[in-house]
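Look at TrEMBL and you will find 21-183 tagged as domain 'Ribosome recycling factor'. Feature annotation from TrEMBL assigns coiled coil to 157-184.
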Amino acid sequence: MYKDLINQRKGDFEGAFMHAKNEVASIRTGRANTSMVEEIQVEYMGSRMRIKELATISIPEPRVILIVPWDKQAIPYIEKGIKDGAASLSPSSDRDGVKVVLPALTEDRRKEFIKLLGQKVEEGKIKVRQIREDILKKVQQEVKEKKAREDDNYKAKDELQKIIDDLNKKFDELAKKKEQELMTS
């Protein structure tokens, strides 16, 4: 019984981790990364579109993002979208596309980003714990209504703790990797 509840929510556990992973990826290091701009919304031809839906995004150099739209008329809209959507980025454009050159990180900015990294990882861990608590409440309710045995409650706790431990390890590895990236860029 409790296994069904856990299996139903496995996707939620993975979703919480993937959300945190995407949030962490969007924290900028001194290195360029396509995820820094691809989700930025741009007002173009009467609708809002993400940059990745309008252009090819590449990293020609470690601190440069090059955005080449399929329709050259989109260039000023993409440039404006980046200025509005990512205040820390300063794009420049020419007739071929938009270029974003990332400045080198100062020590203070690195510390700021490491603090932000910690917050994003902790938010992910909290979400995972909330999912665990939700499952445990349902199992306890089943036990209370005599639809499940008392030992199912303990088995569920043990199995969920293993899942949480594995996810916490993944969160910690993610944070460590990103912190190293921040300190060496």
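Every residue gets a Cβ built from N, Cα and C, even glycine.
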_Beyond the flanks of the coiled coil (157-184) by 6 or more, those residues with Cβ under 8 Å of it_ = 2-3, 6, 13, 16-17, 20-21, 24, 27, 29-31, 105, 110, 113-114, 117-118, 121, 124-125, 128-129, 132, 135-136
_Limited to the domain 'Ribosome recycling factor' (21-183), I'd like the whole-number average of pLDDT._
90
